[in-house]
Amino acid sequence: MDPPRGIGTFVVWDYVVFAGMLLISAAIGIYYAFAGGGQQTSKDFLMGGRRMTAVPVALSLTASFMSAVTVLGTPTEVYRFGAIFSIFAITYFFVVAISAEVFLPVFYKLGITSTYEYLELRFNKCVRLCGTVLFIVQTILYTGIVIYAPALALNQVTGFDLWGAVVATGVVCTFYCTLGGLKAVIWTDVFQIGIMVAGFASVIIQAVVIQGGISTILNDSYNGGRLNFWNFDPNPLQRHTFWTIIIGGTFTWTSIYGVNQSQVQRYISCKSRFQAKMSLYINLLGLWAILVCSVLCGLALYSRYHDCDPWTAKKVSAPDQLMPYLVLDILQDFPGLPGLFVACAYSGTLSTVSSSINALAAVTVEDLIKPHFRSLSERSLSWISQGMSVLFGVLCIGMAALASLMGALLQAALSIFGMIGGPLLGLFALGILVPFANSIGAIVGLMAGFAVSLWVGIGAQLYPPLPERTMPLILETYGCNSTHNVTDWVTTTEMPFSTSTFQVHSVERTPLMDNWYSLSYLYFSTLGTLVTVFMGMLISLPTGGRKQNLDRRFLLTKEDFLSNFDIFKKKEHILSYKSHPVEDGGTDNPAFNHIELNFPDQSGKMSGTYL
C-alpha cells in the first residue's frame, strides 16, 4: 500500500476531457433538432412523438436519478455512516414495481402529456393548478442546487472555475433541451450514463490497485465498523435503519418515479405500454449498478483514509469534497482521468437539469398555456415549448446564483424536495386508489399533508437531531503527520444536511426537538403522503364523495393488472376511437381532444395510441 502523497492538481488533459463531454452533449441536441424532420409539433418536442423504446428510456431514467449529489454524496454517506445505505437496493425494487403497476397504467391509458392533467380530469382545475405550482417551485429550487452544489465542491478541491462550470453546464443543458426536445434529453442521458460508469470505474479500479486488493478495502471497512448492513431498530427517530430505508425510502423515491413529471414524461413517451413498463424494470438494473459503484467508492474512500480523515484534519472544508479529494490523490499520475471523474459528476448534473427543464416546459405549456389559448396551432405550441426551455434554463442558472448566496440553505432545499414530493404523491394516490375521494377532500388533504411535512422538515433544519440519532461512525486522525493533527479520536456529529447558519445551538432541548424534529429525514415524505391520503378520505366521505359519478379510466382497475398478460395473446390492443368520448372529457381538455387521435379508417381501427 502506497503512503498518501500530496494530492495532484488539474492539468490541461482534464479540461480537454471535460470540454469533450459538453461538446458531444451539445452535438446530440443539434442532431435531434434536424433529424426526422425536426420538432414539428409540441408533442414531438415534449414527448419524442411517443415513439421511444424501452432501453434508451431506461438508461435516461437512471441517468436523471443520478445527479452529482449522488456521485459526490453517496460515497461520503458510506464513508461516514457505513454501508447500511446499500439496503436501498430493496427499496428501489419496491419503487419500480409500484410505479410500473399502479401509476403507469393509469397515466398511459389516458394518453396525457403532463401528469397534472390527470388531477383536473379526476378532481378539478383548482387541484390541477395546486399540483402544477408546487411542482414548478420544487423543481426550480432543486435544479439550482443540483447545478451549484457540485460546482462548489469541485471548485474548492480542484480549483475548477466555479462560475465557468455553473454557466457552461447551464448553457449547454438549455441549448440541447431547446433544440432537440425530449429525444435529445434521452439520448444525451444515454451518453452521459456511459461517462458516469467510466468515472466511477476508474476510481474503483485504481483504489483497488493502490490499496492492494479488494480484500484490504473490505478488511479496513470491517475493522472500522463500516460493513453495518443490518440494523432492525424500529425506532423512527434513527436516521438510517432497515425500516427507515425500506419504508421511508420507498415513499420518498415513489414520489419521484411514480408521479414526478420529469420521470413520468420519459416512460409515457414509449410507443407501447409494454415498452414503458420494460423501461422501468430495465432501469432497476441501472439503479442497482450505480448503487454498487457508489458504495464501493465509499468503502475505498474509508480504506484510503481510515487513519487520517481529511475532513477532521482540515484538508477539505466539507464532506462532499472528500470524493474529489480522493480522485486527485489516487489518479494524479493519469492525466485526463481526474477530468473524467469531474465529467462524471457533471454528467449527473446535466442529465438531472435537462430532464427538469424539459418537464418544466411540458407542464407550463400543457397546464398553464394550452387551456387558456385554445386557438394556438401545433407549430406555435412547438415554438412556445422551445421558448419555455430557454426561460427555465435561465431561471435555473439564476437559482444556482441564488444558492451560492444562501449556501446554508442548500441542503434545506434538498429536504424541501422530499417535503413537497410526499403530499403530491398522496394526492395522486388518492385519485388513483380511492374511488370516493372528491376535490374537496383532495385540496384539504394536500394542504394538511403539506403543512405537516413542512413543520417537521423545517423543525429538523433548525434543531438538527443529536448524534445518537444520526449515528456517525468514528473518524480517526492518528495517522496524519501534518501540523493539523487534532486529537487521536474524533467523532464528528455534523448532520449530513448541514445548515449550520440556521442551527440554533444554545437552546435547551425540548421533548418536541428530541422526538418530533428528530424524525428520520426519510420519513418526511411518508408523513406527507399518509396525512394527505388520510385527511382526503376523511373529508371526502361527508362531502358527497360516494355520490359522484366517476369514469373508471381514472382509477386503477383489475383489468390494468391483467393486461400485463396480454403480451402472450396474439392480437395487439389498439385504443379505439370510442374510448375517448368527446362529451366525457370534453374538448376543453386538450388531453382528450378528439383531434389528438387520428380519425378511424374504414375498418374502424385506430392508428392512434398503442396500449
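Keep in mind that glycine also has a Cβ here, set from the backbone N, Cα and C atoms.
Same-chain residues lying 6+ beyond the ends of the transmembrane segment (12-34) with a Cβ under 8 Å from its Cβ atoms: 158, 168-169, 172, 175-181, 183-184, 187-188, 191-192, 195, 335-340, 342-343, 346-347, 350. Under the heading transmembrane segment, TrEMBL lists 12-34 (among others).
Under the heading transmembrane segment, TrEMBL lists 54-72 (among others).
Note on the transmembrane segment (84-108): residues 74, 77-78, 115, 118, 228-231, 240-242, 245-246, 249-250, 253-254, 257-259, 263-264, 267-268, 273, 276-277, 280-281, 283-284, 287-288, 291-292, 294-295, 298, 428, 432-433, 553-556, 560-561, 563-564, 611 of its chain, located 6 or more positions outside it, place their CB under 8 angstroms from a CB of the stretch. Annotation comment: TrEMBL describes 84-108 (among others) as transmembrane segment.
Residues of the same chain lying 6 or more positions beyond the ends of the transmembrane segment (129-150) and with a Cβ under 8 Å from any Cβ of it are 67-69, 71-72, 114-116, 119, 166, 169-170, 260-262, 320, 345-346, 348-349, 352-353, 356-357, 359-360, 363-364, 367-368, 392, 395-404, 410, 413-414, 416-417, 420-421, 423-424, 427, 443, 446, 450. The transmembrane segment annotation in TrEMBL covers 129-150 (among others).
The annotation transmembrane segment is assigned in TrEMBL to 162-182 (among others). Packing against the transmembrane segment (162-182) from elsewhere in the chain are residues 22, 25-26, 28-33, 39, 44-48, 52, 147-148, 151-152, 154-155, 188, 265-266, 269, 346, 349-350, 353-354, 357-358, 361, 385-386, 389-390, 392-394, 396-397, 400-401: each is 6 or more residues past its ends and has a CB under 8 Å from a CB in it.
Residues or ranges marked as transmembrane segment in TrEMBL: 194-218 (among others).
The feature transmembrane segment is assigned by TrEMBL to 240-259 (among others).
Here the transmembrane segment (280-302) has long-range neighbours at 54-55, 57-59, 61-62, 65-66, 70-71, 74-79, 83, 85-86, 88-89, 92-93, 96, 99-100, 104, 193, 196-197, 200-201, 203-204, 207-208, 211, 217-218, 220-221, 224, 226, 257, 267, 322-323, 326, meaning same-chain residues at least 6 beyond its ends whose C-beta is under 8 angstroms from one of its own. Per TrEMBL, transmembrane segment is recorded for 280-302 (among others).
Here TrEMBL flags 340-369 (among others) as transmembrane segment.
What TrEMBL lists as transmembrane segment is 390-410 (among others).
According to TrEMBL, the transmembrane segment annotation covers 416-436 (among others). Taking Cβ pairs closer than 8 Å, the transmembrane segment (416-436) reaches residues 102-103, 106, 115, 118-119, 122-123, 127, 131, 134-135, 137-138, 141-142, 251-252, 254-256, 258-260, 442, 445-446, 449-450, 453-454, 457, 521-522, 524-533, 536-537, 540-541, 545-546, 548, 550, 554-556 in its own chain, all 6 or more past its ends.
Here TrEMBL flags 521-543 (among others) as transmembrane segment.
Ranked by Cβ pairs under 8 Å to the transmembrane segment (240-259), the stretches 54-72, 194-218, 521-543 are led by 521-543. Counting only same-chain residues 6+ beyond the ends of the transmembrane segment (194-218), those with a CB under 8 A from a CB of the stretch are 1-2, 21, 63, 66, 71, 227, 289-290, 293-294, 296-297, 299-301, 303-304, 326-327, 330-331, 334, 337, 340-341, 343-345, 347-348.
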